[in-house]
Structure formats: C-alpha cells, structure tokens
Amino acid sequence: MPGIEKLPLEETLEDSPQTRSLLGVFEEDTAAISNYCTQLYQAMQRIYDAQNELSAATHLTSRLLKEYDKQRFPLGGDDEVMSSTLQQFAKVIDELSSCHAVLSTQLADAMMFPISQFKERDLKEILTLKEVFQIASNDHDTAINRYSRLSKRRDNDKVRAEVVEDVYTSRKKQHQTMLHYFCALNTLQYKKKTALLEPLLGYMQAQISFFKLGSENLTQQWEDFLGTIGTSVQNVRREMEEEVGQMQENIQQMERSCDPLYAPCDPDPAHSPVCRNLTRKQGYLYIRNKTGLVSSSWERQYFFTQGGNLMQQGRGEVAGGLVTDLDNCSVMAVDSDDRRFCFQVTSFDGKKVVTLQAESRKDCEEWIATINNISRRIYLSENAEELAAKVNQTALEAVTPSPSFQQRHESMRPSSKGRTGRTNSISSVGSEPSPALSVLSLDALVAPDTPIQFDIISPVTEEISGQNKTAAQPGRRSNPFGESGDNSAEDSEDSILHQLFIVRFLGSMEVKTAESADVISETMRQILAARAIHNIFRMTESHLLVTCDCLKLIDPQTQVTRLRFPLSSVVQCASHQDNKRLFGFVLQAAGGRGDSRVVCYIFESNNDGEKICDSIGLAKQIAFHSEMESKAVEKKKEQDKAKEKQQEELNKQKQIEKDLEEQSRLIAASSRPANLPAPDGQFLVLSSSQSEESDVGEEGKKRGESEA
C-alpha cells in the first residue's frame, strides 16, 4: 500500500545505528498512536454511556407517562383528555425507547468492540515485544563484551566454547525478537488506519439505522398528532398569559383598595364607620388564658360566630371548637391593665367569662354589636339587619369600657331562671353548589355532580316547622325540625348497648361504592376542602346515640331525634388517619324504585373517633348475635310446635282407636243372647254391666215397636 512506512527486515541482523534510529521513529509513532487511541476510546465510551443513559431515561419516561392514571393529585382528577394524550405520548416514546435500545446494542458491537480490540490487543502486544526486544538486546551486548574480553595468553577451550555459545544464543534471540518486533511495528501502520475507521463506520451505520427506524415509527399520523398537541399547548399558554395579566391587574386593584386596611387602626373613623347591624362576624382575636391563680397569657386565635355560638379555630386545626354560648349572654368593653380594645363575654348564668382583645376600636365595637345582636336572637329573624338597626342603641351602651364588670353583668343578667330557646339556622349549602366547588374534580370513589350537604335537613315540611316555631314557648328551646318534645323518648329501652357521644355534623355526600376502604377518607377530603373554599364554619352539634338497633342524632337541647340510621344500613365506619376526632360511616339506603343510594356522613367528635367506630362495630356484633339467637329461638319454637302437633295427632288417633274398640265390644255384647249354654253344657253368665246394657237395649227395642 503506497504511503506506508516500513522497517527493513533484512537489516535486523546487522543492527546498524541507522536501523536503531529508524526504530526509534517508529516507536515514537506507536506511542503517539497509543495516546490518541486512548483519548478516542474515552470519547466513544462517553457516547456509548450517554446512549445507554438516554435509552434508560426514555424508557423511564414512557413508564411514568403510563402511570399517570394511577396518580392521585389533590387538585387534579379524572382529566380524560390529559390522560389519553399522555398515553399517546407514552406509546411514541416507548417506540423511541426501543429504537434507542437497538442503537445502544449496535454501538456496542460496531463502535466499541473494534477500538477496544485495537487498544487492548495490538498496542499491548507491541509494548510486550518492545520489552522482550530490549532484554534480548541487552543480553546480546553482555555476551559480546564477554567474548571480547577473552585472553590470548590463557586460552581455555571450555570457557571459550561457553562464551561462543552464549554469543550465538543471544544473537539468535535478538535477531528473532527484532524480526517479530519490526513485523508488529510494520503491521501497526496498517492497523492504525482500520482501528480508526472501523469504529467510525460502525457509529455512522448505527445512527443511520436508528434514524431509519425513527422515520418508520414517526409517520405522518404522529406529525398530525404533534401538531394538534402543539396548538393545544399554545392555547393553554395564551390562556395562562391572559389569566396572569388579569390576576396582576386584580392584585394591583386589591393593593390600592386594601392599602387603608394594612394599618391596625383607621386614622379617619369617618372613612370606615362602625357597622352595628351585623349578625355574623369572623376574624383574629386575642383570648386571655389563665396560667395560674393570678398570672395569665394571651393567645391569638381565629374566632367566628356560628348560629348562636362563638367558635375558635387554630391555624393547624381542621374545624373550630366551641368557646361559649351567646344566647342571653352579656357583652361589654372592659379596661385591661396590659391590653387595649378588650371586651368580655359572659354566659347567661355568669359561670363562664371570656376576655378577648381586638386589633382596633372599630373591630372591638363591631364584635360587641354582633354578639349583642346574637344574644337577643336577632340572627333568627327574617330581616336581621333591619331588626338590628332598631335595637342597636343597646349595643352602644356596651362599647364604653367599664372597670366594674361584675356590677354591669348583674344589671344585665336576665330575670327569668330558664333560658330562652333559640333555633339553629338550618341551610343546605350543598343544594346550591358554587362554581368554585364545581372546579374540584371528584375522585372515582365519589359520585360526580353530587351536592355536598353541610347541615342536617329537617325531615318535616316548612309549614309545620313554621307553625311549631311560632308556637314555641319562651321558657324552652324550640325544636328546629318541628317535632314535639313528646317524641324524644324513642330509644329502645330493651337494647343492650346505650352509648352517647357529642358530635358535630360536617357534611354528607353520595358516593359510588360502599365496599372500598378509602371512600370515607376521600369523602372527608372533599367535604373539608369544600368547607375551606366556601368559608363554612357552622356545624350542627348533636348527641350520637349508639344502640343495637340504630344510630340516632339527638338534639342536645330538646332531646328530639333529628336523624335515625338503622344499624343494618351502616356498611362501614372509620376515622381519619391523622386527625382521630374526625370519623364517618357509609349508609346504604334503599331508594323508592328499588335502587339503593350510598351516602357517606362525616362528623367531628369531642372524643376519639376510633372509640365511636369501635362502639358501632360492637353494636353490629351484638345485633348479629342477637339476631342469630332470635332465629335459633324461633326455630326451636317451630320444632316444639311441630312436636306438639304430632303428639296431638297421635292422641287423637289413639282416642279414635279406643272409641272404635269400645263400640265394637258393645255391639258384640248387645247382639249376643242372655244365657246361652256353652258348648260344654254350661251357661255363659254376663256381667252386671253387660246385663244392664242388654236390658236397656231390649226396653229400647220394645219402646220403638210400641211407638211404631
């Protein structure tokens, strides 16, 4: 091959300096080739590793896209369009992943294998021959030097023969080694061209086959699909930009409008006057907690009014807790030694006193006016604001701080001993779902488009409820469901289990299945999220009575049963995994046309929710065992009745047989003559009873003949 430099093999025996100089040039070329080949091998190794990593990453991406349907996002759900689109992408990427895997295999065979062979086999072989050649050359030089030092005076044939033999062996070895070394160096000049071209050729062929596979897989159909998805992405991006712009404008408007609200107190009272017609209020207040006999501490909590109750809720809590009952309570501003804008709320009996602090004087006066309106049950009227405007003068008397709160409370305490009743405001928030709630996509466990019931619906009509509300006496609380107090004693007295728990109703909604273990937790999540979106803090407090027959929600004031759930309809009961006060149960109720509705009810309890669930489970076990016992007793009664009936039939049959036998005996005795001689010449004498019966028979016969 022209252009290939070679070492002359015929000059290896002479081993001239020119040959050694030319050998040095070949050795330098070999070292340069080895260095360059090592760098090229490292670069190709990076290509191969990157291709393997790309193949593994592509496969992982395809697998994650296929598992999108199994993910449970809090704010995302059954988006079928997104799921189907990702499935299509997963299909394409899966095909690309297979193409990348084929490319990795081809790169390993066609690119990495040739250069690895050249690096590990050919270059190492030349290095080994070089070491052997150096050793042989050194041995030859040593043998020549020893041969040259032979003495002419002391000529020893044996020594001379050994030296000659040594020179012969070393020269032959050097010549043979040099021949093989020169041959390997000459061969390397050819191999270095193939060693550099074969990996590149394999790399390019692998890439060409990869792109061919890609062009076969990515057909026109996928191009149309990608074009459609690109258009959708641009539309979403455009909508997002419009939404972001609108939100930025809203933020600027809210910042301008809320700028006066950043200060805790308004410097201009005329700019924001105090509203004294409120019947509902919420916000942050400081509450005084006693830490000792004299010392106390202040804690910031979120307070809100719910019906006739004052509730508080911490930031980490799911629902609010009761602070005090506001019916017939007294409220007024007070002077505190260490705080401003304080007011006190005292219960109707004076046993509970709550000291609160507002941020400003306006906030304090509004809280006092709101609690005053609730105390007089203005919130129960139809036109609460108009009625509050008429009586707001009484609220003005309470906003002046009073140092002697006890005297003020004694003067404002109601004269009657009994408490005036109030009616809880019953409303169905779930019957009018807002657009914000419709955005929430429900999970597969929950029935879609199902309204959430946030409060207990009255089981009676509005007319009856209105009549009972007007007829409610002031000495007792009126029943919000229109039921009379005489029906409060519905509990089955013969039940083995009677357990009473204080619960607050959070909400209920219809679900798809009653068998899934996650249906209660999913319903809790939906109801709590909906309450947070709509700022619903009102909860109906009830007493949950667990018996062996049913579950009852009883009004704590009137002792009237609000709802009754048959125990046989309760499918399952469970508490929240993190907050044990939350619990719920699934009720399967039969519909009007034979279909069944599955409804999940969620409650919050003062006690541990697991205790209530255990109590319901115990009640179901007791009911099951009692049912089995009753069935066994009924079966035994049926068996006893069958035995008695069989015994009566046997007795009747025996009596009939006895009567027949008696009749046959009498007939035989009456048809026989009085004193017939026996066959042996003796007379047969009848007994006295038989003779009397025969006489009676003869007399009857004679009487019948005379009558005839």
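Every residue number used here counts from 1 along the chain in the order it is shown.
Placement of Cβ uses the backbone N, Cα and C atoms for every residue, glycine included.
What TrEMBL lists as compositional bias 'Polar residues' is 413-431.
Look at the compositional bias 'Basic and acidic residues' (631-664): DSSP puts its residues at 34 helix, 0 strand, 0 coil. For 631-664 (among others), the entry in TrEMBL reads compositional bias 'Basic and acidic residues'.
For 698-708 (among others), the entry in TrEMBL reads compositional bias 'Basic and acidic residues'.
According to TrEMBL, the domain 'PH' annotation covers 278-376.
Here TrEMBL flags 501-636 as domain 'PID'.
What TrEMBL lists as region 'Disordered' is 398-435 (among others).
Here TrEMBL flags 465-491 (among others) as region 'Disordered'.
Summarising the annotation, TrEMBL assigns region 'Disordered' to 631-708 (among others).
Under DSSP, residues within the domain 'PH' (278-376) fall into helix, strand and coil as 15 helix, 45 strand, 39 coil. This prediction places the mean pLDDT of the domain 'PH' (278-376) at 88.
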